[in-house]
Amino acid sequence: MAPSRRDAAWLPCLLLATFVIGTDDFVIAGVLPVIAADLRVSEAAAGQLVTAFSVTYAVAAPAMAVLTARMPRKALLVGGLAAFAAANLVTALAPNYATLMGARVLTALIGATLTPAAFAMAERLSAPERAGRAIGMVAAGLTLSLFVGVPVGTLLGENLGWRSTFVAVGVFTCLVVAAGSRLLPRVPGAAPLGVGGQVRTLGRPAVLLCAAGTVVAAASGLMTYTYIAPLTEDLTGRGGGILALFIAVVGVSGAVGTVAGGLLTDRWGPDRTLLASVAGVVTATAVLAALGTGGREAAPVWPVALTLALWGFAAWSFTPPMNTRIMRLAGEAGTEAVALNTSGLYVGIAMAGAVGGAVLASYDGTGVAVAATAVGAVAYLVLAVSVRRFPVRDERRTSTGRKGNAHVRA
């Protein structure tokens, strides 16, 4: 029997799944110095743990989506989360750097499998006119991991040792496994498209252009966040405690933006919401650049904070319409398309670090805002062409008499 779409007990489970995966991904940056000291390696070597995780995630996501497409969705998520919990406990017990590196690669492989499946399952189980809302809730798990899970995990690592951070992630994941085994509905795997059919779907120009937009948009948005410390210090002339305020502003506005992105996707459709999101990011980074080149020695704190609030709202409202759009473009290969999009996100993150770092080395924090604005403008053009050439239908007008999103496979 199909699960009732009004019975939304499954949605918090998917949110918590992305929360633990996101926390595991991002928290290591906060405990790198402690890891380096404990394992007697340089901080640069410890930083390669982040690189290995990101590269594995980006490469593995599409491949794992194809390989696991026919597995029942509940079994994949619950079993995968159990393996994820075990991998984090292995991480916590790692006696040396090599073992820790292997454990991080394993957790990245599992996370790359589960995150796209969670997004696609939310889209499949929700009513067509509420799909954006459901995807927004799952994306909120990643947002909360960045602004709740990471600070808590970092605090644990600083006070009880870095191993306690990964023990906590593992234990919390076990709780999510227990909840998921009870609350997630049984959903069959994919119809047998075959690997060739899946690859052909992912190779459609509509899907590839959409994913390319994700790469460039992520590079713009994450460039601002990656270098928020030097950017805001150059703008205001203040560092230290004021940075915590700015990050908190981004966190709150980002959480609101994630939920709003889902609601607006259902109200406006994914195409309009996506373009509005990127336009908001470009506007905000342009204002930050203008504040830095306005002839003042230092900008007041309040306009910087207000602009960062706009930026956080717009940047974090991006995920729901983008994932909704690419799933509808891919049709029966929805999970695989989200996985491709996830790879694009990680490529964009890498680009953000490389381009922003080069600009910062040659200019200053304000230069990062200028670069983010330019890259964001390119992202808007790419996505505007994508939307114009390959529009997706408005599900509010096509859902009557149709059971769920049959054209999208979780």
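Backbone N, Cα and C atoms are what each Cβ position is placed from, and that goes for glycine too.
Marked as domain 'Major facilitator superfamily (MFS) profile' by TrEMBL: 10-389.
The list of residues near the transmembrane segment (45-68) in space but at least 6 beyond its ends in sequence, with Cβ under 8 angstroms from a Cβ of it, reads 25, 28-29, 32-33, 35-36, 39, 76, 97, 100-101, 104-105, 107-109, 111-113, 115-117, 189, 195, 198-199, 202, 335-336, 338-340, 342-343, 346-347, 349-350. The transmembrane segment annotation in TrEMBL covers 45-68 (among others).
Feature annotation from TrEMBL assigns transmembrane segment to 75-95 (among others). Through the fold, the transmembrane segment (75-95) approaches residues 14, 17, 20-21, 24, 68, 103-104, 106-107, 110-111, 113-114, 117-118, 121, 163-167, 169-171, 173-174, 176-177, 180-181, 184, 189 of its own chain, all at least 6 residues removed from its boundaries and within a Cβ separation under 8 Å.
The transmembrane segment feature in TrEMBL is assigned to 101-122 (among others). Outside the transmembrane segment (101-122) by six or more residues, the chain places 10-11, 14, 17-18, 21, 24-25, 28, 48-49, 52-54, 56-58, 60-61, 64-65, 68, 73, 76-77, 80-81, 83-84, 87-88, 90-91, 94, 131, 134-135, 137-139, 142, 187, 323, 327, 334-336, 338-339, 341-342, 408-410 with a CB less than 8 A from a CB of the stretch.
What TrEMBL lists as transmembrane segment is 134-156 (among others).
Look at TrEMBL and you will find 162-185 (among others) tagged as transmembrane segment.
Residues or ranges marked as transmembrane segment by TrEMBL: 206-228 (among others). Among residues of the same chain six or more beyond the transmembrane segment (206-228), those with a C-beta under 8 A of the stretch's C-beta atoms are 243, 246-247, 250, 278, 281-282, 285, 288, 308, 311, 315, 318, 322, 325-326, 329-330, 337, 340-341, 343-345, 347-349, 351-353, 355-357, 360, 365, 368-369, 371-373, 375-376, 378-379, 382-383, 385-386, 389-390.
Annotation comment: TrEMBL describes 240-262 (among others) as transmembrane segment.
The annotation transmembrane segment is assigned in TrEMBL to 274-293 (among others).
Residues annotated as transmembrane segment in TrEMBL: 299-318 (among others).
Below 8 angstroms of C-beta separation, residues 54-55, 57-59, 61-62, 64-65, 112, 115-116, 119-120, 202, 207, 210-212, 214-223, 226-227, 230, 322-323, 326-327, 367-368, 370-372, 375 of the same chain, each at least six residues beyond the ends of the transmembrane segment (338-361), sit close to that stretch. The feature transmembrane segment is assigned by TrEMBL to 338-361 (among others).
Long-range Cβ contacts of the transmembrane segment (367-387) within its own chain (Cβ-Cβ under 8 Å, at least 6 residues beyond either end) map to 206, 209-210, 212-213, 216-217, 219-221, 223-224, 227, 230-231, 271, 274-275, 278-279, 281-282, 285-286, 288-289, 292, 355-356, 359-360. The transmembrane segment feature in TrEMBL is assigned to 367-387 (among others).
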Long-range environment of the transmembrane segment (162-185) - Cβ separation under 8 angstroms, sequence gap at least 6: 2-3, 7, 9-10, 12-14, 16-17, 20, 23-24, 27, 31, 34-35, 38, 73-74, 77-78, 81-82, 84-86, 88-89, 91-93, 125, 152-154, 156
